[in-house]
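Just dropping this structure here.
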């Protein structure tokens, strides 16, 4: 960017034309399969409770809100889309903006394009197959490999993530020169994520996409716990060429259980000195009314386009990243 006037887009126009073609191809993919495109709000009075996500806040001062109403930019369209599912929408997808007040860099921008879709009556494996179909169509790549979270740790770190004690996880961290972080970290899931990021991610999905599934139940988020093994959740992630592309679940349909998870998130936030975020009670009401058994996935479109174009960074495929927005 140092050689380019700051008003100009960071991405070449040729790349933006290719990006538009990919967006059209994604829409054709879902149209051919009878999946309805929907649009949901980018602002809400409630937000995520996940301790790892930081939402943007804004204030509405219009009619009925003279004192100001706090609104949150959506980190994902998930909550509103589930309300549509509970209302009987059938299979749905959305291509839209999401916002996270976190990183900016090679693979991150605080404003980004998300593809999210939900399939009633699909289990996790059937949705994984559909994600694989989409990736093969857009990226012209080979069919993905699949590994359970446990298998990935055993293969690359020689440790069982479902049974290892924190002391054992720290021993592995020491071999990866991560003791300066791991020795003071008390949260087991944070230790696992550290080991996964450094010891597993760089070695999967090199030549074809890799699906990692059955994450620990403690990392279930909005996913169902497996009925076959209560130690794991019906959750998967997709990696390709060192990039995390997607995160999917067999969706939790129990409103009471979801509320308990949100409340536990907020307790964990309080322990870390983070603000306790407002829980989306409209989502809870929708779940209690009846969310159909379904699976859903969120996929980063900017990263997908980056891979399709063999680009080096997101700024090569989005017109105006945050530094010149």
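Cβ atoms here come from the backbone N, Cα and C positions, even for glycine.
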Looking at Swiss-Prot, which one out of 118, 125, 203 binds substrate in the same site as 76, 77, 78, 251?
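Checking 118, 125, 203 against Swiss-Prot: the substrate site match is 118.
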Given that Swiss-Prot annotates 100, 101, 102, 109, 244, 245 as ATP-binding, name the residue from 296, 300 that shares the site.
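Looking at 296, 300, the one Swiss-Prot places in the ATP site next to 100, 101, 102, 109, 244, 245 is 300.
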I'd like to confirm something. Which of the binding-site residues, 100, 244, 245, has a Cα closest to the Cα of residue 76 (substrate binding site)?
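Answer for the nearest of the binding-site residues: 100.
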Hey, for the substrate site built from 76, 77, 78, 118, 251, who else sits with CB inside 8 A of the CB center?
79, 81, 82, 116, 222, 296, 298
In whole Å, could you give the widest CA to CA gap in the substrate site formed by 76, 77, 78, 118, 251?
15
Measuring Cα to Cα, how many angstrom lie between residue 251 (substrate binding site) and residue 245 (ATP binding site)?
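For residue 251 (substrate binding site) versus residue 245 (ATP binding site), the Cα atoms are 19 Å apart.
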Tell me, if you would, which residue among 78, 102, 244, 251 (binding-site residues) has the fewest other CB atoms within 10 Å in the structure shown?
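Looking at the binding-site residues 78, 102, 244, 251, the Cβ with the fewest others within 10 Å is that of 102.
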Work out how many Å separate residue 300 (ATP binding site) and residue 118 (substrate binding site) at their Cα atoms, rounded off.
15
I want to verify one value. Collapsing DSSP to three states, which class is residue 245 (ATP binding site)?
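Note: residue 245 (ATP binding site) is in a strand by DSSP.
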